[in-house]
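Notes follow the structure.
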Amino acid sequence: MAFFKSFLLLALLAIASEAAPGHVSHGEADSKCPLMVKVLDAVRGIPAANLLVQVFRNTEGNWELISSGKTTELGEIHNIITDEQFTEGVYKIEFATKTFWRKLGLSPFHEYVDVVFSANDAGHRHYTIAVLLTPYSISSTAVVSEPHDDL
């Protein structure tokens, strides 16, 4: 069990790192990107490409769809939401995991998976949400940083 927990921690750190070849770091090309999502397929040990991701904001108890997109071949989505849209509040990122796993011929447990979090309650910040997926589990972490100044 300790080995599995160590593996998960290392995998999440690898997702959140900027070590991928040819990868442009969040601070370089995406200084205006307030929310970035990174997803890893832990079964195959590769980025989870073409995964549908939707971003919702809680408005008076209702979830309002703000934006949606699919992960790239690097398992990432940049600029899924603008600074103007990403105001203080509670957000939900919904991952269409059932569709993703079914396309790979697997029968997953979850219909979809949500990551719900409060954003910008201590001033404007940049958020990177990293997610590790299997057909029966999810693990997520967040890297929250100060916004980058334009050069």
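Positions of Cβ are set from backbone N, Cα and C atoms, glycine also.
Features of the protein shown, as given by Swiss-Prot:
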type	residues	note
SIGNAL	1-19	signal peptide
MOD_RES	CYS33	sulfocysteine
BINDING	LYS38, GLU76, SER139	L-thyroxine binding site
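Note: the CA-CA distance between CYS33 (sulfocysteine) and GLU76 (L-thyroxine binding site) rounds to 12 Å.
In this structure, the recorded positions under consideration are CYS33, GLU76, SER139, and the one with the smallest number of other Cβ atoms within 10 Å of its Cβ is SER139.
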